[in-house]
């Protein structure tokens, strides 16, 4: 499909990276628009995401979609090649569970471990490690959560590659 696709993102946002990864895996060409979300959000960002005023914003045929997982679901339903969710309803539900675990438990724990005051850091790091161990156990020795191919759970967990070195430091 040769439709207009744009992604409004921020270089350090794992949420923006999710959308870019999915589009790349699907082979969908897109225009990337870098946003200065720290100091100067563009009029377009505010227009397309007036409620949260954050990235990513996915624009397809002039229609905006926000929230990274919602965007990934849309991409999966729109471009069928190279699926990022399993076809089996049970397996799909399990993937959605792990994606929610990543967003609701892992990301906040890692953020807390990274940015908490020094006197709270040890406890925060332990909590983050427990979340990451739980997530690792879901891999069950596989290379990717979906087995042999990158899927939506792997895409949701991309923050690890971005923040892990920072956490280790």
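Glycine is no exception: its Cβ is also placed from the backbone N, Cα and C atoms.
According to TrEMBL, the features are:
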type: DOMAIN; residues: 3-83; note: domain 'GST N-terminal'
type: DOMAIN; residues: 88-169; note: domain 'GST C-terminal'
Let's see if you can do this one: DSSP helix, strand and coil counts over the domain 'GST C-terminal' (88-169), in that order. 64 helix, 2 strand, 16 coil
Under DSSP, the domain 'GST N-terminal' (3-83) has how many residues in helix, strand and coil? 30 helix, 19 strand, 32 coil
